[in-house]
């Protein structure tokens, strides 16, 4: 064989060797990642039930100090949280030392400061569990139990981007009124034998107060994020116009996602994939009201999309608002880890897991059975949507590997 032929043959063999090695390494990495996803899922399932226990045997820190240290740019709480029960117990039992009107917004809420100086947002009960909110998917008052359920769904999906939420009963007469600011106190009234308040917000009306059962009011409390992590508000690229007869661009432009991909912070980094994770999360809970979202300030698109204000959820179990999934079916990309987790939750696992996760809550049962059934049905729709994407573009385009190392140092 001539020298030239030998060189060509060696070059071909070298190319084949390199491609084979790269292919094998990629497959091994993918397989290892998938195995880690499966292990993470089993860890989550093993720790679903959280006992509200005040004991913190291994630390001298307060529950509030522990929770504050959990927060990092890509998650609100870590995967392994042995202190979670103690923090949530404190949220539902610690003495209220101050009560004020809620931060600005459209819905009724109160800002409470608990013993130790921790802020929490209190959202009162407005509906019975089996009440169905008719009309637009964003209609009705906030649902306090939806905040509780959404937090536990965030745990189950492995996102860890929702602040901690737990149910709480408060005595408006003995726990709130003695420590209320004049502004909040001025909104209290008595309706029949029930103590009520209507607060201060865009839609708050004296004619539409939230009323306790006697003096005892059921609600949810959401842990305020540490002040060292200031929030930045962003308009959601798939937000609605909320004006009859006026569509947002994404509602009529099939190539809308291509335009989003050219716009900061969606042109690089994890933010667009966070938007798609959030669309999946919102579709499962029936939340069509995420017109804005928050991230940590000055993050240049690197921090997570924080899953705040999930109370416009679980309104109508019979309504599956497909438009919530627009980021998914218009962009046709999804994290491999999210895809894996959704598949692990098939065949009734999601409903069972969420029911178990919420069973410890003081206001349990948190959701009615029709809402739990709706979750499993919506999951099937999400999986079918991703399959349509992979059939059209191929799994190599649709399934995006995006695993970011999270540091708690």
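Any Cβ shown, glycine's included, is placed from N, Cα and C.
Residues annotated as active site in TrEMBL: 289.
Other C-beta atoms found within 10 angstroms of the C-beta of residue 294 (ATP binding site) number 18, with every protein chain shown included. Look at TrEMBL and you will find 107, 123, 222, 223, 224, 225, 294, 309 tagged as ATP binding site.
As annotated by TrEMBL, Mn(2+) binding site applies to 142, 309. Around the Cβ of residue 142 (Mn(2+) binding site), 26 further Cβ atoms fall within 10 Å across all displayed protein chains.
The feature domain 'FAM20 C-terminal' is assigned by TrEMBL to 188-397.
Comparing the binding-site residues 223, 225 on other C-beta atoms within 10 angstroms of each C-beta gives the minimum for 225. Listed in sequence order, 118, 119, 120, 121, 163 are the same-chain residues at least 6 apart in sequence whose CB falls under 8 Å from the CB of residue 224 (ATP binding site).
Residue 309 (ATP binding site) has a Cβ environment of 25 other Cβ atoms inside 10 Å. Long-range Cβ proximity for residue 123 (ATP binding site), meaning a same-chain Cβ under 8 A and a gap of 6 or more residues, is found for 107, 108, 109, 142, 144, 147, 219, 220, 222, 311. Working note on the binding-site residues 107, 222: by count of other C-beta atoms within 10 Å of each C-beta, 222 ranks first. Here the Cβ of residue 289 (active site) has 24 other Cβ atoms within 10 Å, regardless of which shown protein chain they belong to.
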